[in-house]
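Student: One structure, as structure tokens, below. Some questions next.
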Amino acid sequence: MESDGYLPLFETRIAKGRVLYRLFMISVFVGICLIWIYRVNHIPRKGEDGRRGWIGLLGAEFWFGLYWVLTQAHRWNQVYRCTFKDRLSQRHEKELPNVDIFVCTADPVIEPPVMVINTVLSVMAYDYPPEKLSVYLSDDGGSDLTFYALLEASHFAKHWLPYCKKFKVEPRSPAEYFNSSDDPLDPNQSKELVFIKKLYDEMENRIENAAKLARIPEELRSKHTGFSQWDSYSSQRDHDTILQILIDGRGPNAKDKDGFVLPTLVYLAREKRPQHHHNFKAGAMNALIRVSSEISNGPIILNVDCDMYSNNSHSVQDALCFFMDEEKGHEIAFVQFPQSFKNVTRNEIYDASMRVIREVEFHGLDGCGGPLYIGTGCFHRRDTLCGRKFSKENKTDWSSLNDIRRKDSVHELEKKLKGLASSTYDKNTQWGKEMGLQYGCPVEDVITGLSIQCRGWKSVYFNPSRNAFLGIAATTLSDALVQHKRWSEGDLQILFSRYSPAWYAHGKISLALQMGYCAYCLWAPNCLATLYYTVIPSLYLLKGISLFPQISSPWFIPFAYVISAKNICALAEFLWCEGTILGWWNNQRMWLYKRTSSYLFAFMDTILKLLGFAESRFVISTKTADQDVSQRYEKEIMEFGTSTPMFTILSTLAMINLVCFAGVLKEALMSKGIIRVYETMSLQFVLCGILVLINFPLYQALFLRKDKGKLPSSLAAKSIVLALLACISFTLLY
């Protein structure tokens, strides 16, 4: 309670142990500086063995040290948020704002319609006044199958929403609820559960049968006039705007089976033309912002990906505790919830949950002025998305924002608003620049959030004990690497954009937040130092040239301290985030794989784009997997299966380290040089050995496995040849 008796709607708690961590951070930085001093003062003279390798390691270690300093912005001032929904209800029950919810999908094959409608139904069933909820599905695939699934969901909602309200079920995605719930003790609920489950199964079967046919049967098409809009449909990338208000929340027929109001439900497939760039998800979101402003105009907008179903029916109230707080709510532009996944295995073979980012780093960014906008699970003020600048004098009267009067009929409104989603509407306007989501970047969400913060607004990270949203994580190594390539490529493009955190944001956001953004923007360039450190010390080890201090030298101490301190701290952090030791080890493997493949290709593509030789592309992550792939994923067996350029690089690097390690070990054992290796090249030997251990699943996929998830024999042969050529060439040249 404040001194004047005011009770805030949310509380901010500062993380414990900050002083101890800061002292630890300073000690590590001192160790890093000592390593730099050692490298500079002990550079081999011209003509001496290892001079070029030594200078390269100096550059790599200088980069690693500076990058580590940037990452400390994520940990310097961590805060945790707590909301008071009871106070919100007591003070603002009658003036709760309208909320517009945007669900985005783009491909009915990669993102199955049944999954999409489960997300839609989960957000329609929020424990929030239904007359104040409007749900919009943006279908960038322009699929009549997705429209049909949504039409089916609009009928099922008349039974599902009353069931959720009556029995207060969680989660409110039907598929997830039926899969996770036990038989209820209440006989009345048991009876209704059987009925509602039967309705859902019938709906699911109809949708899946239509998907197998790859078309909507004529008897179904004839039952709804909305299908007529596909009569002139040309292709996924060439069609008119398709807008259908399936449930008009203000209409007399928008009632569930118990007679209560249903939320508004709208389908939108914006116009697509081959000659006009459609700006991917940012273009879809901006079309939704414009169309929704004329239908419901909710002052609060929630956007979720089609695979991120609501797992907590009170998330809207949690977000409103921040926006509607009388003292600090006027500063907050968006409330970001963590991106969590339902299918993450115990030991997270692909580090899919990004556990440390979710549980540590974003809390640190929150203490510096606010987290990034990550594209899903985020509540926005509509006016900030539309370009409004922050002003201390502007306070929001939430009750006045709910007044929207429409005179047009649903049919007239649909016809009238199609132009707002045309393929040329954005041309010569501020949309994609000063208004809406930013265009021209693969991570339009991050750059949009940064631009909002540069206009003076703050953001909030809220990580409740019960996950607000749950999605589907990548189940193959290829999908995980491609996803990280897109993220790292987009983040690097932000660094060179007009909203670069390095220069444009200077003075507009805090220095710590600048550093936090830059740490993510520099993911891709990490590939250069990591590649060097992965290959060169091993090759010099094979030739018997030491690049590190001897174990008896005092200079060995800072190397040993920094390496051990950073890894022990990282392990402790991971375990504190409820991870496992094996999960941390998998995290280290993915750290290596991402930096030597995803980040490398992201770096190269960004450079080519800056030089005008390439264009940005948006890759949709696969949301489904074959049964045998799923089984291997559940058993935590790494999935390869194909030969890609990324896998070629990973395999070659793994073979280089294996050849070097085996060669040194053989020579040491045959010539009894174990003591010499231990005394003069212990760090190099340990580094090479750890790289071999990390790559063990890759060696299995190359030589031992027989299942379909293994790597092709041709790739094994290619990687061996390339590794041997690299080792022989290095030995001859140096």
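Placement of Cβ uses the backbone N, Cα and C atoms for every residue, glycine included.
TrEMBL entries are annotated by machine, without manual review.
The annotation transmembrane segment is assigned in TrEMBL to 20-38, 53-70, 517-535, 555-576, 597-614, 646-665, 685-703, 715-733. The UDP-alpha-D-glucose binding site annotation in TrEMBL covers GLU111, ASP140. For ASP140, ASP445, the entry in TrEMBL reads active site. Positions annotated as Mn(2+) binding site by TrEMBL: LYS281, ASP305.
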Student: Near the transmembrane segment (53-70), which residues from the same chain, at least 6 beyond its ends, have a CB less than 8 A from one of its CBs?
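Tutor: Distant contacts of the transmembrane segment (53-70): 28-29, 32-33, 35-36, 39-40, 42-44, 515-516, 518-519, 522, 525-526, 528-529, 532-533, 536-537, 540, 545, 547, 566.
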Student: Would the transmembrane segment (555-576) count as touching the transmembrane segment (20-38), if touching means at least three Cβ pairs under 8 Å and pairs must be 6 or more apart in sequence?
Tutor: yes
Student: Quick check for the class: what is the C-alpha distance, in angstrom and rounded, between ASP305 (Mn(2+) binding site) and GLU111 (UDP-alpha-D-glucose binding site)?
Tutor: 10
Student: Once the chains shown are all counted, how many other Cβ atoms turn up within 10 Å of the Cβ of ASP140 (UDP-alpha-D-glucose binding site)?
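Tutor: Excluding its own Cβ, the number within 10 Å is 25.
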Student: Need this for a regression test: recorded positions GLU111, ASP140, ASP445, filtered to those with Cα within 10 Å of LYS281 (Mn(2+) binding site). What's left?
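Tutor: If one measures from the Cα of LYS281 (Mn(2+) binding site), the recorded positions that come within 10 Å are ASP140, ASP445.
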Student: What else in the chain is close to the transmembrane segment (715-733), if you only count residues 6 or more beyond its ends and a Cβ gap under 8 Å?
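Tutor: Apart from its flanks, the transmembrane segment (715-733) reaches 535, 539, 542-543, 643, 647-648, 651-652, 654-656, 658-660, 663, 702-703.
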Student: Round to a whole number and give the Cα-to-Cα distance in Å for the pair ASP140 (UDP-alpha-D-glucose binding site) and ASP445 (active site).
Tutor: 17
Student: Measuring Cα to Cα, how many angstrom lie between ASP445 (active site) and GLU111 (UDP-alpha-D-glucose binding site)?
Tutor: 20
Student: Looking at the recorded positions GLU111, ASP445, which one has the fewest other Cβ atoms within 10 Å of its own Cβ?
Tutor: ASP445
